[in-house]
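The domain 'Thiamine phosphate synthase/TenI' annotation in TrEMBL covers 12-195. Sequence annotations record features per position, and here TrEMBL assigns 4-amino-2-methyl-5-(diphosphooxymethyl)pyrimidine binding site to Q41, Y42, R43, E44, K45, N76, S114, K143. Residues annotated as Mg(2+) binding site in TrEMBL: D77, D96.
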Amino acid sequence: MESSILRQKLNLYFIMGSTNCLKEPEDVLLQAIKGGITMFQYREKGKNARAGMDKRELARSLQKICALHAVPFIVNDDIDLAVELDADGVHIGQDDADAGEVRKRIGSRILGVSAHTMAEVKKAMKDGADYIGAGPIYPTATKEDAEPVKGTLLIEEIRKAGITIPIVGIGGITSANARAVKDAGGDGVSVISAISLSEDPCRAAEELLKSVH
Ligand code: 3NM
């Protein structure tokens, strides 16, 4: 995907798995799409996470919803699943598979890599990442093993170094604090709980979109 299009798709990047939802994941995703999310990542993690066929079924069902609404469907960590479903891309963290190996396996699909330091950003770029997930920007209750909070410093550092790779901020982002990520040079925000745990995921997405525009 061309980087100017990817930048737009990163505007409001919703991440979710079954353990993040108050309601049926399909309903939450549909509501979020109605509210204007621009990209979706299926991330099935944590206690009671689905595995095997259950995971695959949910992934398929969410992928179908994304396809109907032309929202790119990205799979977190599970490269086999991404290839099997012919997902639009993969997102990996520093503890997951090696980014260079993943790039070889997924060909031209979108590759996102979470990075927490400048060294990790440079390595991800060398390995062929299409975008960087920088975080945690703010404290988050969603990821138990999150790194120390960084605010927007890493994003600023990346941009000051003249690096133009698409960046999305992650961690504790809400409509009240999302704007700072764009002001720091981020292309968009990725959120889990601000949408997935909202009573009204559609409205939550609309509010987020307003604050990043
Ligand atoms: N990765 P919420 S923070 C999945 O810092 C994830 O790399 C992070 O969830 C990182 O929007 C995080 O609910 C959790 O805070 C984001």
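Here the Cβ of each residue, glycine as well, is placed from N, Cα and C on the backbone.
Because TrEMBL annotations are produced automatically, they should be read as predictions rather than curated entries.
Taking the features listed in TrEMBL, we show where each one sits on the structure.
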{"residue": "Q41", "record": "4-amino-2-methyl-5-(diphosphooxymethyl)pyrimidine binding site", "Cβ contacts under 8 Å, 6 or more apart": "Y13, F14, I15, M16, I74, V75, N76, H91, G112, S190"}
{"residue": "Y42", "record": "4-amino-2-methyl-5-(diphosphooxymethyl)pyrimidine binding site", "Cβ contacts under 8 Å, 6 or more apart": "M16, G17, L58, A59, L62, Q63, F73, I74, V75, N76"}
{"residue": "R43", "record": "4-amino-2-methyl-5-(diphosphooxymethyl)pyrimidine binding site", "Cβ contacts under 8 Å, 6 or more apart": "I15, M16, G17, N20, N76, D77, H91, I192"}
{"residue": "E44", "record": "4-amino-2-methyl-5-(diphosphooxymethyl)pyrimidine binding site", "Cβ contacts under 8 Å, 6 or more apart": "G17, S18, T19, R50, A51, K55, L58, A59, N76, D78"}
{"residue": "K45", "record": "4-amino-2-methyl-5-(diphosphooxymethyl)pyrimidine binding site", "Cβ contacts under 8 Å, 6 or more apart": "G17, T19, N76, D77"}
{"residue": "D96", "record": "Mg(2+) binding site", "Cβ contacts under 8 Å, 6 or more apart": "D77"}
{"residue": "S114", "record": "4-amino-2-methyl-5-(diphosphooxymethyl)pyrimidine binding site", "Cβ contacts under 8 Å, 6 or more apart": "H91, I92, G93, Q94, I132, G133, A134, G135, I170"}
{"residue": "K143", "record": "4-amino-2-methyl-5-(diphosphooxymethyl)pyrimidine binding site", "Cβ contacts under 8 Å, 6 or more apart": "P136, G171"}
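Once the Cα atoms of Q41, Y42, R43, E44, K45, N76, S114, K143, the listed binders of 4-amino-2-methyl-5-(diphosphooxymethyl)pyrimidine, are compared pairwise, the greatest separation found is 16 Å. In this structure, Y42 (4-amino-2-methyl-5-(diphosphooxymethyl)pyrimidine binding site) is part of a beta strand by DSSP. Among the binding-site residues E44, D77, S114, K143, residues whose Cβ is positioned under 6 Å from ligand 1 are identified as S114, K143.
Under the DSSP three-state reduction, D77 (Mg(2+) binding site) is assigned to coil, being neither helix nor strand. A simple way to gauge crowding: the CB of N76 (4-amino-2-methyl-5-(diphosphooxymethyl)pyrimidine binding site) has 21 other CB atoms within 10 angstroms, across all the protein chains here.
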